[in-house]
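Chemist: The structure follows.
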Amino acid sequence: MSMQADQPNPEQSAQRGRFAVPRLSLVPPADSVRSAPQLSADQQRVVDLAPGSGPMLVWGAPGTGKSTVLIEATVKRMDHHGIDPAGALLLAPSRLAAARLRDGFSARLTRSLSTSPARTWSSYAFDLLRRAKVEGRMPHLDGPPRLMSGPEQDLIIRDLLVGHRMGLGTDPQWPAELADAVETRGFRHEIRQLFDRVIEYGLAPAELAELGVANQRPDWVAAGSLYQEYRDVVDWGKSGSFDPAGIITAATTLLQLDPEFLAQERNRLTLIVVDDIQEANKSVHELLRLVGRGKDVLVAASPDTVVQGFRGARPDLVASLADSLSTHERPLLQFSLSTSHRMGQPLAAAWLGVADRIFQIRGGHKARELAWPASQGELEATAGDPASSGHDNSYVSAHVVASEVHELRLVAERILHLQHLGGYGLNEMAVIVRTGSALAALQRYLSAQGIAVKVPVAENPVRDEAAVRPLLEAFGIALAPEKLDAEACVSLLTSRLGRSTALHLRRLRQALRQQELHAGGGRASDELLVEALLKPEKLEPLGWEAANARRIAAMLGAGQAAVAEPGANAETVLWALWDACDSSGTWETQALRGGPTGIRADRDLDAVMALFQTAERYVDQLPGSSPQQFLDYLMSQELPMDTLAARAQRTDAVEILTPASAAGREWPIVIVAGLQEGVWPNTRLRGELLGSQLLVDVLENGAQAARQIEPAARLRDIRYDELRSFAAAISRASKILILTAAAGHDLQPSQFLDLAAPFVPVTDSGGESQYPVRPVEQVPRPMTLRSLVAELRQESEMHAEPEAARMLAVLADQRVPGAHPAQWWGLLPLSTDAAIVAPGEPVVVSPSKVEEVLKSPLNWFIKAAGGEATTDFARSLGTLIHGIAQDIPNGAGHEYLAELDKRWPSLGLPESWETDVDYKRAQEMLGKLAQYVIDARQQGRTLVGVEENFTVDLGQLPENGHVVRLRGQVDRLEADAQGNLIVVDIKTGRTKPTKEQVAEHPQLGAYQVAVSSGGFAEQAAAAGLAGAVSGGAALLPLGDNTKTVKTQDQAAMVAGSENDPTRKVMEAALLMAQAVFPARHGADWSERNGCPLPTICPLCPEGKQITE
């Protein structure tokens, strides 16, 4: 609805004063008011039938006006024949289809309605059960009926299967070949398919088990046991709950067992209208037979366009309507609509090319007849010309490109081309893909190209939406603050709610770390992040870099306070989190501005609305449930859940849909993408793991006939189903249909491409074909400013093209990003030439980095700035060994092995022979450590401490006055028989230095400098060794291939000598305090053991500048 200002009365305006307030009235949206359509002759024949004509079936291809006929016939019977709207029932296969039917009906009806007569089949079944409960016809239900969602059904099945593994309930005894699959998502999908068929045919658990025994299907026997448990949970634990497949069966059973209620319902209904009956399953047909046999039933069918095959749609049952709805007095009347109101001849030819490959049911030929109004025939001459982009021409084009990435680029290019040069709006285009994963990839790519897109929220589980995920993470932390770790902090801060970039996060870490150092602490930034979000007062002294962190900290604080409130539930905690995150105003502003950012904000708001609607439904159905129970429920769902939450209505975006979500709609331009073999068609046998289709065949045709059906026949049926969904997709276009596919490594274009757009080879003058197969095309540059600037810069640089330079200058004058040379990275000055250590601040040197700095200052700086490879297994194993050595410094061999066995699973390694080899190596390292402990004790050494920290200042650098601060941690601090301190550094690598290298080892030397400078004075005094000096240092190699352990010792340092390691520490400090870091290749450099960062090293052949 919208507000409309009436013209003010001048006299009233004068009386009210200078500032008159206009009178507002509420009016319907402009697109909801429709005039009577111009009907074709075949449509008019259907509409003119008088009430009492009996059941009627209208056949028609897509776009022939079937839905229009149903609406107009219904409106005429109400407006002209006095049919009471309360006795009308309009049925559609999905909620969106029912909403479109309702809107079209309401826009044409001249009277107001108290309730909408348009429903889905499940909604009508639910209404029957609800009214029966109110009338006391279902006393066995404890509460009102409730429709259980698909994710809830999946969650129950998952919990039952997990319980069996834990020894709970009755083990169904699945066949051994299914043991590894039982707890997978795919297996649950197979179970749901089997249960849906069982429910549709009204089988009891025992009957399913009996069929399993009779047909040598032990999996059916096991499924029967699981189905009994499932029914117990649904019937007892969730009394009044009905699963999606069961609610229609339950309504049918109710009517069959209660003739009085059936008669009452038949008397109530004076008109039944069913759209898209080809999407109905067997249960729907049975329900329709009961309530509609011999009555005024208007049914529309297009059996060649089906998108609900995965839910058991049976287009073959359309042919049985003559038997199920007819009576002797009122036989089924059949009509066919042939005038195409949507597809021009090129589009119709594409659709017929696909439809003709589908098995034709009895009477189905009537839904393949197409004709065109005389006015449309005039367009025939230009309809197939792809070069024409006017609105008066229609055409079909097919494109094959080199890869899936090229295909994404092609889709973007076509959209932008048609928008800028074809004059079409984004809202006039749709892209249809086969799978949800393809939809997500396309959404990401088009959004990155600045193209506004719109996708159905229900394509993904609500928990996986970008705006919802951080809310749920914060929800979990509010319930258990101790679970907040550094990873969760980063996730929250960089989420849609946190709004931090990597740069923001880096600045925050630096600020927290600096704050910690000034306070005399030494904790890492990970620990400081956690503390800051749980204790917001830590963020108060900081500046702008902590703004986003303050908002997340406020969220967590509000969530914890809401959890502590008496009577807290999912809604109260969610609202506290959402209110504190302060995102609604920001997203609202972005949404109103429009564009790609607005589309994203709309989607985020829709997702949050869906989350709150889910929480509201959960609290209503389970009063008294805790917030933790809601979180567990939502996080356990792996399937999308439909939602009734209000959604933003945008018209300035390209829609990306699957065939199911595109059904019943049309656009001038439709792009059908991802036409690959194995994807579309996907001829994988459905439900074959548990034999769902075999069960249907057994129930309908008998066991003997079912066993005679060959796998090839089942594959043929699946191919027909894929063809129907493809036919539905391509029939959504009214002007332009574009088909895309990729050909390349492991990629083959779909056969469907040639069905809809047959390839005609181009021949030369001699009649020889130049391209016997469809060629792979080059993708033109998308029409975006970004790509235009890139192309012009490339031309001006590679070919010195003056025209390109002039065009860049024009774009630069308009401030197009990237056009002005001042924005080109290669021409920009350095961001700073200041030293990385601020004046007056100390240069902090770590002993483990001294050698690296001296070898190559550039490599050290890049790694210190974060340019280091991710942690590999060798480092993880080393960390594990060091952890055991720290916790059990003087252990025996069996103690080390027991601790290794306890900690080994933390590495998360798979069971394999490689893992066994690594485990044996770890055992050998710990065996060496145990042997070293014995040897050290025999040599008269005593342990002073493990993992001891130290910090010592070594004086100032003469060159710049910076204080050199040596800071680090030693693995083992020991005292020899003479009372001197010895640092022992544990090494778990496979290689070890030579004796000469150990003598001048920079890390060991730095440890000795720390000892000599009093870095361990407190530890020594506590051990009764006050005034102890350095007795040397040693490496303890545990990871080499030797069978025995022997330390590699460095002699005690001599202060002031030529080999005093203090000199190396000071030299490293001077290099670390510079603004420029030279690249060096040490004496040990070789092609095999070379530079660790060759791509950015100026000394390496592969090293390049940033602009190369």
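Each Cβ is built from the backbone N, Cα and C atoms, and glycine gets one as well.
The structure displayed is predicted, hence computed values, not measured ones.
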Chemist: Examine the ranges 1-21, 169-189, 505-525 and name the one recorded by TrEMBL as region 'Disordered'.
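Modeler: So the range that TrEMBL calls region 'Disordered' is 1-21.
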Chemist: Determine the minimum-neighbour residue: among Pro62, Gly63, listed as binding-site residues, which Cβ has the fewest other Cβ atoms within 10 angstroms?
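Modeler: Selected from the binding-site residues Pro62, Gly63 on minimum Cβ neighbours within 10 Å: Gly63.
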Chemist: In the same chain, outside Gly60, Ala61, Pro62, Gly63, Thr64, Gly65, Lys66, Ser67, whose C-beta lies within 8 angstroms of the Cβ mean position for the ATP site?
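Modeler: Nearby residues not in the site list: Ala300, Ser302, Leu337, Ser340, His341, Arg342.
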Chemist: Looking only at Thr64, Ser67, the binding-site residues on record, which one has the least crowded Cβ, with the fewest other Cβ atoms within 10 Å?
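Modeler: Per-residue Cβ counts within 10 Å for the binding-site residues Thr64, Ser67 bottom out at Ser67.
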Chemist: Work out the three-state DSSP category of Gly65 (ATP binding site).
Modeler: coil
Chemist: Judged by the number of other CB atoms within 10 angstroms, which among Gly60, Gly65 is the least packed of the binding-site residues?
Modeler: Gly65
Chemist: What's the number of neighbouring CB atoms sitting within 10 A of the CB on Ala61 (ATP binding site)?
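Modeler: Cβ-Cβ neighbours of Ala61 (ATP binding site) within 10 Å number 27.
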Chemist: Over the domain 'UvrD-like helicase C-terminal' (349-664), what is the model's average pLDDT?
Modeler: 81
Chemist: For Lys66 (ATP binding site), write down the residues of its own chain that are at least 6 apart in sequence and whose Cβ falls under 8 Å from its Cβ; none is a fine answer.
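Modeler: The answer is Val58, Gly60, Asp275, Ala300, Ala301, Ser302, Leu337.
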